[in-house]
Amino acid sequence: MSPQTETKAGVGFKAGVKEYKLTYYTPEYETKDTDILAAFRVTPQPGVPPEERGDAVAAESSTGTWTTVWTDGLTSLDRYKGRCYHIEPVPGEEDQFIAYVAYPLDLFEEGSVTNMFTSIVGNVFGFKALRALRLEDLRIPVAYVKTFQGPPHGIQVERDKLNKYGRPLLGCTIKPKLGLSAKNYGRAVYECLRGGLDFTKDDENVNSQPFMRWRDRFLFCAEAIYKSQAETGEIKGHYLNATAGTCEEMIKRAVFARELGVPIVMHDYLTGGFTANTSLSHYCRDNGLLLHIHRAMHAVIDRQKNHGMHFRVLAKALRMSGGDHIHSGTVVGKLEGERDITLGFVDLLRDDYIEQDRSRGIYFTQDWVSLPGVLPVASRGIHVWHMPALTEIFGDDSVLQFGGGTLGHPWGNAPGAVANRVALEACVKARNEGRDLAAEGGEIIREACKWSP
């Protein structure tokens, strides 16, 4: 054996299993401005101390494996390892705790949400030492934020493109979601836009099915957009769903939308994937298209309170990957605590700088620097009588999206759109006059009904 390859017994590498806490639990660690910070809700198996599971999360989501390997000696684990630097109990939950983990920035590819999630929420979620694991929040450092393009255009550029200011935007999802022919679909789009809405929307299920191929839908919707624009003098749009089975097909549909001259396309970013979403976002910025994002499949990931990811993490990821709108749900009729949590991630979508506020579910201060903001889309079972609350809660920088709340009007689609627009303008006017929308909302809507055509 040559001197270069000879291994001497008892010298150098020592095989065996090390306890994670000896390497990855570092309560004395002071986080760096360049670290990605994560807050995990950990539910360990019975009898396992918190620090032994917090360090396991840090290890399994960074450089760790189940045993010591000789190639550990070929790199600097202290430079690249994740560190569990703080553990705190969850109030009211005896068997849960929050583990805070810091990841060095060099662990992640620049501008790739896909790579970031592959590490942080990869195999560790199947770790058998844990009963459940939930990622509650991430702090994205400025150094990493600056590697992302973010939304194609952002809130201010969208308002400038549409020439619409001082109020929320109005939308409507065309129903029934499946089964209409392209021509009948386009007719419904026209009626809603002509009645006063700013946007109509493809349902997330609508791609290119036998009853309505995508190219036919795009053509009839473009006709509806141009006809309603000519009659109202306002810029209109329809969220043309470009989601497809391949990235190439998705971009082909976006190219056709651009050739038609329409202002906006749509993508299902979770089912489509972050790589596809970022590719489409880059195309939209380069070609002047707005990008509406639907969150189909989010409840599979975020519904369980002790496992998966909170939606605020998915919202941050979308702002990085790129989208001008994203569905955020509504808070109408919800408990006050849920309202605060929802508005916490709405601020994470819109604002440049958000302070830590645990009462609103914000675990870390987040600085987005120059990354454009995203308009939250309030949808799901809302109607005209919710307008005062929606206007007060979401403010001007939002999209209020009514499906059945428009198309379910007893007089038809266009009167439903008129009702939405009249109610919105009445609420904005009342708010600007200093009236209390929470206390006087019903009266404001009834007054608008009285004088509405």
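Using the three backbone atoms N, Cα and C, a Cβ is placed for every residue, glycine included.
Remember, it's a predicted structure, so these values are computed and weren't measured experimentally.
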**Request:** Would you identify which residue of R295, R303, R350 Swiss-Prot lists as part of the substrate site it also attributes to N123, T173, K177, H327, S379?
**Result:** R295
**Prompt:** If you measure C-alpha to C-alpha, which of N123, T173, R295, H327, S379 (binding-site residues) come within 10 angstroms of K201 (Mg(2+) binding site)?
**Reply:** T173
**Item:** Separation of alpha carbons, T173 (substrate binding site) and E204 (Mg(2+) binding site) (Å)
**Value:** 9
**Rounded Cα-Cα span from D203 (Mg(2+) binding site) to N123 (substrate binding site), Å** = 33
**Asked** Using an 8 Å cut-off from the Cβ centroid of K201, D203, E204, can you name the remaining same-chain residues around the Mg(2+) site, in sequence order?
**Response** T173, I174, K177, D202, N205, V206, Y239, N241, M266, H294
**Prompt:** Measuring Cα to Cα, how many angstrom lie between S379 (substrate binding site) and H294 (active site, proton acceptor)?
**Reply:** 11
**Message:** Counting across all protein chains present, how many other Cβ atoms fall within 10 Å of the Cβ of R295 (substrate binding site)?
**Reply:** 23
